[in-house]
Amino acid sequence: RIMRPDDANVAGNVHGGTILKMIEEAGAIISTRHCNSQAGEPCVAALARVERTDFLSPVCIGEVANVSAEITYTSRHSVEVQVNVMSENILTGAKKVTNKATLWYVPLSLKNVNKVLEVPPIQYARKEQEDEGKKRYEEQKLDRLETKQRNGDVIFPVINPEPHTVGYSQSSLIHLVGPSDCTLLGFVHGGVTMKLMDEVAGIVAARHCKTNIVTASVDAINFHEKIKKGSVITISGRMTFTSNKSMEIEVFVDADPFVDEPRERYRAVSAFFTYVSLSKEGKPLPVPQLLTETEDEKRRFEEGKGRYLQTKAKRQAQMQQAARQ
């Protein structure tokens, strides 16, 4: 579809959350189709995880975004979907790949939302494809478990914070989950949640550097629990790490099931977003150094630095491999 002004920021760059929402919609369509391709209980595919996603190139107002999806692996109860996003300048015809994403879905029964159904298997062109898919499945399963175990943090307001500190830029958004946010099962679309998370992370980044900012990448997004219609969700974001030209922001979503639900608040989703600061000409700008004050902030900074260096080393290895080919 064509990108409109309400999809973009004041500089004309399309929000990363808008692209993430389109990616999730494509993944939900293809995985729900596949899971209902054989006789059995009707179901809807629910998003469980999004692997690390890099924003290779910004999309601008007036360009057309073309999103394509393909199922690349199925386990007994989950589906792996690879999604590509290509932007097209309809005035010049120029096209470019802007995003590549991997998403995992599980099929939930329409009759019983707590029942996960079996997934019809797919045919692989080569045995190696199945083996590689199984390896990715085991890795994401382990990472989801580790992420869920460290999800106890809460963001508290800071009185009179100093500029460039964690407390200065941290932000929260409260949203009442309505029918338009939800699937046929009455639970929030993963794409809706990701769009809200990107909005909060963008506010944190803009507060920190006070320039135009764009989403550079999103670390794995883990959907730990479903969010029901009628819930009030709080999306919270805080700066964890800065390099010379990038900012890492931790975002998590907590749900309060207010309607006909005695349950306590719970952590539903968590992820790390990375942003870059841009000049009016679209050139990268230096990012102010994050000032850490507490031991927890210093620990999170070092953890973020580790993720940054790991990603940098992986990118350099990929470039070297591409050069040899």
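Each Cβ is built from the backbone N, Cα and C atoms, and glycine gets one as well.
Curation plays no part in TrEMBL annotations; they are all automatic predictions.
What TrEMBL annotates here:
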ACT_SITE  Asn9  active site
ACT_SITE  Asp198  active site
COMPBIAS  296-306  compositional bias 'Basic and acidic residues'
COMPBIAS  316-325  compositional bias 'Low complexity'
DOMAIN    1-111  domain 'HotDog ACOT-type'
DOMAIN    167-281  domain 'HotDog ACOT-type'
REGION    294-325  region 'Disordered'
The compositional bias 'Low complexity' (316-325), counted residue by residue under DSSP: helix, strand, coil: 9 helix, 0 strand, 1 coil
Local confidence of the domain 'HotDog ACOT-type' (167-281) - pLDDT mean: 93
